[in-house]
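**Student:** These came from Swiss-Prot, pasted as-is:
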MOD_RES   Gln195  pyrrolidone carboxylic acid
DOMAIN    203-399  domain 'Peptidase M12B'
ACT_SITE  Glu340  active site
CARBOHYD  Asn377  N-linked glycosylation site
DOMAIN    407-493  domain 'Disintegrin'
Amino acid sequence: MMQVLLVTISLAVFPYQGSSIILESGNVNDYEVVYPQKVTAMPKGAVKQPEQKYEDAMQYEFKVKGEPVVLLLEKNKDLFSEDYSETHYSPDGREITTNPPVEDHCYYHGRIQNDADSSASISACNGLKGHFMLQGETYLIEPLKLPDSEAHAVYKYENVEKEDEAPKMCGVTQTNWESDEPIKKASQLNLTPEQRRYLNSPKYIKLVIVADYIMFLKYGRSLITIRTRIYEIVNILNVIYRVLNIYIALLGLEIWNNGDKINVLPETKVTLDLFGKWRERDLLNRRKHDNAQLLTDINFNGPTAGLGYVGSMCDPQYSAGIVQDHNKVNFLVALAMAHEMGHNLGMEHDEIHCTCGAKSCIMSGTLSCEASIRFSNCSREEHQKYLINKMPQCILNKPLKTDIVSPAVCGNYLVELGEDCDCGSPRDCQNPCCNAATCKLTPGSQCADGECCDQCKFRRAGTVCRPANGECDVSDLCTGQSAECPTDQFQRNGQPCQNNNGYCYSGTCPIMGKQCISLFGASATVAQDACFQFNSLGNEYGYCRKENGRKIPCAPQDVKCGRLYCFDNLPEHKNPCQIYYTPSDENKGMVDPGTKCGDGKACSSNRQCVDVNTAY
C-alpha cells in the first residue's frame with residue numbers, strides 16, 4: 001500500500017447553511033458554505049517537481065451536513081493523448097491546428113475516504129469545481145466568487161432551480177441493435193477463449209469532440225472557455241466509464257469558430273447523419289480516432305438533448321453522437337454525452353425493471369434532477385452482449401505514444417513517450433517487470449507486458465501471438481525483438497471463402513446467411529431473390545445509400561447490396577421477405593460491405609455490386 005506524508009495547510013472549516021444563492025449552475029435553493037482544508041498526499045520519499053503546478057495526488061477535508069469528509073484526488077492521467085491537438089479556423093477558412101501543453105493539467109478524479117461506492121470528478125484549476133458521490137447521493141461543489149476567500153458552495157443538483165421546461169430526453173426511440181434475445185451474463189454464456197479474452201481486456205476509446213459555431217458564440221468567442229468546459233466534461237466521462245474498464249483519452253478538440261462544417265439543424269436525425277458523414281469524409285482523414293461527439297447549443301426539436309447511433313463503436317460513419325450543451329452544470333452535459341456514447345457501445349434505454357442503486361441511471365431515457373453516474377444492471381449486460389457479439393477492435397488498442405493527448409505522466413496505465421512501461425501508481429502496480437515510481441523496466445527485464453512478453457522477457461521468434469480467426473485470417477508471430485504482436489495480417493481481400501459462398505474482406509468472410517442469423521436467430525436464412533427487388537423502391541424498406549437524408553434506390557444490378565432480406569423460418573411468421581429496421585439506426589440491417597452479390601462480384605463500400613477485384 002502506498003505510504004503518504006500528510007502536510008496540513010491550516011485553513012479552518014466553517015460550514016454554513018444557506019437558503020438561496022446564484023452560482024454558475026443557476027439559482028441554488030439549499031447549499032452549504034465550506035472552506036476546504038488541503039492535505040497534500042505524496043508517496044513516501046517523493047519530491048514535487050519545482051516546475052509542476054498541480055500535484056499528482058491531493059486531499060481535501062471539509063464537512064457536509066456536519067459530518068467530516070475527506071476527498072482523495074488523483075490527477076486524471078488518462079485525460080489527454082501525447083499529441084493532443086486543437087483545431088480552429090482563420091477568418092479566411094484556413095485550418096489552424098496546435099498542440100497546446102497539457103502535461104501539468106488540473107483535472108482530477110477520486111473518491112471519498114471510507115466510502116467504497118463513492119467517486120469524484122474535480123477541476124482544481126481555480127478552487128474546487130465538480131461533483132462527488134457521497135453515501136449514494138451526488139453533490140456539486142464550486143468556489144464562491146468572494147475576494148480573498150477560500151469559500152466553496154456544496155449542494156445537490158436537485159436544489160438548483162429549473163427553468164420551466166420539459167425534462168430533456170435522448171432522441172433514440174428504438175434501441176435494439178440486434179435480435180431481442182434474452183440477455184445473459186458472461187457466466188451463463190458458452191464463450192470462446194477469444195471472446196473471453198476480449199471481454200476481460202481493458203478498452204480505450206480515443207475521442208474527438210467538435211464544438212460548433214453556436215457554442216463558439218455562446219462562450220463569448222473564447223477558445224479557452226470552450227476548452228475548459230470540454231476538459232471538465234471529459235474528466236467526468238472518465239470517472240463514469242472507469243467502472244466498465246473503459247479509458248477515454250481525448251485525442252482532439254475541434255472548434256468551428258469560423259462557421260459550421262455541416263448544417264447543424266434542430267432535427268437530430270438529420271444532424272447526426274450529416275455529422276457522421278463529415279466525420280468519415282473529413283475528420284478521420286485528418287485525425288485517426290475511435291469516436292466523435294458533436295457538442296452544440298442549438299435547441300433540438302422537442303425536449304431532445306442528444307442522439308447517438310446504437311452498437312456502432314469503431315464504425316467510420318456511425319461511431320458518433322450529438323449532444324446539446326443544454327445546462328450550465330457541466331455534470332449534466334457529461335451525463336448526456338456518456339448516455340449517447342453508451343448507445344454507441346450497445347446499450348439501450350433502461351426499462352422500469354432496470355436498477356443501479358440510485359433513483360436514475362445513465363441510460364434512463366430522460367435526464368433527471370436525481371441523475372447518477374451509475375450504469376444499470378441492464379446497461380452492463382447489454383454492453384457485455386454487444387462486446388461479445390461484435391467485438392469492436394479499435395477500442396482494444398491503447399493510444400499510441402504519439403496519440404495520447406497529454407504528455408507523459410507516469411502512473412496512468414498508458415505507456416507514453418519516455419516510458420518503458422506503466423503499471424499504475426506504486427499502490428496499485430502488481431507488475432514485477434515495471435518500476436511504478438519511474439515507469440522504467442526493472443533491472444534485467446526486457447519488457448513488462450504485451451502479447452510477446454513472458455516473465456519480463458521477449459517470447460521466442462515464431463511464437464504465435466495472435467491465432468488465425470477463421471479462414472480469412474492468418475496467425476501473427478512474435479519477432480523475438482519486441483513485446484508487441486505485429487500488426488494484424490489477413491488473407492488478401494477477394495480470396496474465396498466459405499466454400500466459395502463469399503470473399504475475404506479485412507480478415508472476415510461476410511456472407512448473407514451469417515448476417516441473417518445475427519439479426520434473426522439461428523434458424524434464419526437468406527430470403528428469395530425476388531425480395532431484394534424492394535431495394536429499388538428508395539424508402540426505409542429498400543434502398544442502397546443515403547444522400548443528404550434522401551434514400552437512393554438501388555440500380556437493378558445492385559439490389560443485393562442494399563437492405564438485407566431474410567426469413568426467420570418461425571412457424572408464426574409467414575412473410576418470406578423480412579428486414580431488420582430501426583429508425584434510430586437505419587444502417588443496421590443493410591448488407592455488409594464485401595459481401596458476395598454474384599459470381600465474381602462483391603458489394604463495395606458505396607453499395608454497388610462490382611467485380612471482386614475492384615470492390616475493395
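Any Cβ shown, glycine's included, is placed from N, Cα and C.
Show me how these features fit into the shown structure, please.
**Tutor:** Taking a C-beta cut-off of under 8 Å and a sequence gap of six or more, Gln195 (pyrrolidone carboxylic acid) has these contacts in its own chain: Ile388, Met391.
For Asn377 (N-linked glycosylation site), the Cβ neighbour count at a 10 Å cut-off comes to 17, with all displayed protein chains included. For the recorded site, Asn377 (N-linked glycosylation site), the DSSP three-state label reads helix.
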**Student:** Work out, from DSSP, the number of helix, strand and coil residues along the domain 'Disintegrin' (407-493).
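**Tutor:** Each residue of the domain 'Disintegrin' (407-493) counted once, the result is 0 helix, 15 strand, 72 coil.
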**Student:** Taking the Cβ of Glu340 (active site) as the centre, count every other Cβ atom within 10 Å, in any protein chain shown.
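**Tutor:** 26, counting other Cβ atoms within 10 Å of Glu340 (active site).
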